[in-house]
There are 2 protein chains.
Amino acid sequence: MEAITSAHLCNFLAGAATVAPISTRRRQANAFSVRMGLKEDGPSLAVVGVTGAVGQEFLSVLSDRDFPYRNIRMLASKRSAGKKLTFDDKEYVIEELTPESFDGVDIALFSAGGSISKQLGPIAVQRGSIVVDNSSAFRMDEKVPLVIPEVNPDAMAHIKLGSGKGALIANPNCSTIICLMAATPLHRHAKVLRMVVSTYQAASGAGAAAMEELLQQTREVLEGKQPTCNIFKQQYAFNLFSHNAPVLSNGYNEEEMKLVKETRKIWNDPNVKVTATCIRVPVMRAHAESVNLQFEKPLDEDTARDILKRAAGVVVVDDRVSNNFPTPLEVSSKDDVAVGRIRHDLSQDGNHGLDIFVCGDQIRKGAALNAIQIAEMLL
Amino acid sequence: MEAITSAHLCNFLAGAATVAPISTRRRQANAFSVRMGLKEDGPSLAVVGVTGAVGQEFLSVLSDRDFPYRNIRMLASKRSAGKKLTFDDKEYVIEELTPESFDGVDIALFSAGGSISKQLGPIAVQRGSIVVDNSSAFRMDEKVPLVIPEVNPDAMAHIKLGSGKGALIANPNCSTIICLMAATPLHRHAKVLRMVVSTYQAASGAGAAAMEELLQQTREVLEGKQPTCNIFKQQYAFNLFSHNAPVLSNGYNEEEMKLVKETRKIWNDPNVKVTATCIRVPVMRAHAESVNLQFEKPLDEDTARDILKRAAGVVVVDDRVSNNFPTPLEVSSKDDVAVGRIRHDLSQDGNHGLDIFVCGDQIRKGAALNAIQIAEMLL
Ligand SMILES: NC(=O)c1ccc[n+]([C@@H]2O[C@H](COP(=O)([O-])OP(=O)(O)OC[C@H]3O[C@@H](n4cnc5c(N)ncnc54)[C@H](OP(=O)(O)O)[C@@H]3O)[C@@H](O)[C@H]2O)c1
Ligand SMILES: NC(=O)c1ccc[n+]([C@@H]2O[C@H](COP(=O)([O-])OP(=O)(O)OC[C@H]3O[C@@H](n4cnc5c(N)ncnc54)[C@H](OP(=O)(O)O)[C@@H]3O)[C@@H](O)[C@H]2O)c1
């Protein structure tokens with residue numbers, strides 16, 4: 001077995017300490033199928049931020065799901081321009097992102113940070129592209145649908161591919177997606193009145209460089225050295241800290257307010273009460289969330305478990321006897337959000353409260369997969 | 001600088017990647033003071049489980065606080081008997097724990113697990129010792145006081161040293177102590193009606209061997225090897241999982257139910273509503289807890305912050321501008337419980353809700369320090 005290197009970061013801890021690269025895994029799964037992706041009548045795609053943690057996962061998900069495409073533009077910063085990249089056995093040259101990058105592009109998948117989205121998202125729309133944006137730039141814009149396909153697909157029903165008109169669709173924050181994948185099926189049944197969320201967020205949520213910093217710091221601490229702090233201002237290895245997003249005057253950080261506000265928008269319910277405490281833990285990939293729910297109508301834990309077992313994109317892992325519950329490691333590189341620790345909340349009267357524990361790969365369902373599911377709904 | 005070895009475990013990550021051993025630190029702090037501990041008229045002590053994570057911390061706290069003692073018995077299992085140990089510049093031989101170990105002992109500090117406490121605690125009491133027990137064996141026993149000195153000292157007011165009568169006093173669970181150190185001052189002011197707790201628990205809470213396993217697994221994962229799972233049944237390095245305590249039929253694990261039940265007993269309030277989700281995170285030492293509070297009377301965040309600033313054993317770390325809040329690393333080997341992220345809960349109407357984030361060294365305030373503070377109240 002080989003040691004972990006930074007090149008392995010995107011696969012790091014995906015299911016086990018060592019894992020086959022995504023391309024190999026896919027090839028095994030599809031050994032007898034014909035490669036479907038490259039299609040004359042598919043849309044023309046652009047991946048903006050293709051070298052990043054989410055960008056790399058876009059490619060992996062496109063490939064896994066045989067997303068049809070006529071051609072695909074690999075876009076990143078000047079730093080990466082000219083570098084080569086192999087996707088679906090074909091070699092691509094990474095191009096520098098410019099306004100012209102979007103000429104003729106039908107669907108542009110953005111994951112290069114909020115300021116790039118703000119700057120180039122509207123330009124791509126002007127040039128006729130449908131932008132699926134992973135940043136927070138447009139999420140709370142009233143005119144922009146904020147979509148989890150399993151939760152509120154109708155919000156984007158008016159956006160059509162091939163109409164010649166560009167449009168923006170926002171991908172929710174990763175913690176919001178993971179939480180609502182579990183909470184929405186229960187909300188549909190019993191209406192959530194209030195939700196108290198505490199998160200356990202992985203390094204990958206802060207991008208590829210953050211994963212690398214956690215790895216480097218861990219090595220340094222084990223060797224008795226001072227940990228290098230570039231991305232985060234404090235030691236991350238064997239430690240945890242309040243999420244590094246700026247703290248607002250109400251004492252919540254921006255990550256927490258995303259959970260509060262995006263939930264209201266996605267559920268189209270301005271009255272739903274949400275509070276959140278967002279914490280970064282020294283996990284490489286995939287977020288976990290402890291969610292306490294208060295319902296309008298009664299909902300017992302067995303009914304809740306049945307509802308979640310039937311929910312699309314959700315897997316129930318809830319074995320009390322063998323103490324087997326969701327973990328970030330188990331969901332890494334998986335599509336489904338795992339839910340467990342489903343139990344009647346002892347602190348609420350009657351059958352109006354539940355506690356659950358949710359884990360989801362936030363680069364996958366929390367970002368790339370959700371965006372590509374949105375793109376699939378356009379086809 | 002030297003690399004981390006298992007011998008460093010108890011100091012591991014105490015404040016920084018490298019740290020002076022406890023004995024050195026103490027000597028620096030007290031360079032001009034006279035050693036107070038060994039005193040002819042002090043009580044005779046026994047430390048049961050002296051080789052363990054908590055046992056070692058007992059010695060460190062006794063020394064730090066110049067706890068007076070006439071003599072001290074170092075007790076552990078047969079495995080450790082005969083080994084030598086230096087404490088306060090004096091050499092001791094570790095003895096095997098037997099019923100006779102308690103003859104002439106005034107105060108016995110127990111931390112060798114619940115079954116040892118159940119078996120030998122009552123014997124020590126019969127022989128006239130006052131037992132301060134760190135296990136869960138007697139915590140919910142109606143006749144045994146469950147004490148956090150800053151919270152409910154009166155519960156043990158009837159127990160006197162030198163009366164010739166033995167007695168049992170229980171130390172609460174570490175997560176309960178850390179939570180209630182922060183919640184009690186607020187509870188006194190505005191009465192807590194309901195508390196939703198999510199924990200982020202360190203390896204040290206499961207003892208010295210668990211810390212060693214996290215260290216070993218981390219090395220193995222970095223080298224691309226399969227992690228060794230002896231203490232925990234699954235990968236802990238770069239992962240997290242629901243607390244390994246057995247899960248009860250109500251879906252809560254025992255660790256969570258300790259928070260629920262011990263809070264009621266310590267606050268002497270059978271009606272206080274508590275729910276908890278306990279999670280182990282790959283942190284070496286010190287627990288963190290996200291606590292959502294619901295009050296009977298209004299309590300705004302500024303008043304709450306002032307109350308906490310004045311509370312004994314609590315330090316407020318709550319700098320929103322520079323994003324500086326409590327971390328397990330910062331509180332490692334510290335006495336005080338750190339509280340931050342103090343904010344009005346957006347999900348509750350009026351001024352009846354707060355969110356806080358608490359960190360405490362659970363080997364210190366969560367175990368050894370709290371027990372020795374109890375012993376100090378006996379002097
Ligand atoms: N990580 C997650 O779990 C997650 C989840 C949801 C949403 N998001 C969002 O997705 C976005 C990217 O996150 P990430 O984690 O993938 O970050 P990352 O690993 O740091 O990748 C950043 C990407 O943006 C590109 N980029 C940076 N500056 C650029 C510029 N001036 N022009 C063109 N491209 C530029 C980078 O290209 P170079 O390599 O050339 O610098 C790289 O491809 C962020 O908005 C983030 O909030 C991330
Ligand atoms: N760790 C914490 O943060 C924490 C907090 C609160 C309470 N506690 C409680 O404190 C107790 C000890 O925890 P720990 O973390 O210190 O565990 P640990 O590191 O595993 O130490 C266990 C100690 O118990 C001794 N022991 C085991 N079997 C024995 C026997 N048959 N006779 C005499 N001594 C025996 C061991 O001695 P050998 O070295 O000879 O085996 C060792 O000294 C547990 O009840 C735990 O629940 C722990």
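Just so you know, glycine gets a Cβ as well, placed from its N, Cα and C.
Copied from TrEMBL, the annotated features are:
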type: ACT_SITE; residues: B:CYS174; note: active site, acyl-thioester intermediate
type: ACT_SITE; residues: B:HIS287; note: active site, proton acceptor
type: DOMAIN; residues: B:44-159; note: domain 'Semialdehyde dehydrogenase NAD-binding'
Measure the Cβ-based neighbour count of the residue listed as 'active site, proton acceptor', defined as the other Cβ atoms within 10 Å of its Cβ. 30
What is the three-state DSSP composition of the domain 'Semialdehyde dehydrogenase NAD-binding' (B:44-159), stated as helix, strand and coil residue counts? 33 helix, 31 strand, 52 coil
Who sits close to B:CYS174 (active site, acyl-thioester intermediate): which same-chain residues at least 6 apart have their Cβ under 8 Å from its Cβ? B:GLY205, B:HIS287, B:GLY360, B:GLN362, B:ILE363, B:GLY366, B:ALA367
Reading the DSSP string in three states, the entry for B:HIS287 (active site, proton acceptor) is strand
With H, G and I counted as helix, E and B as strand and the rest as coil, say where DSSP puts the residue listed as 'active site, acyl-thioester intermediate'. helix
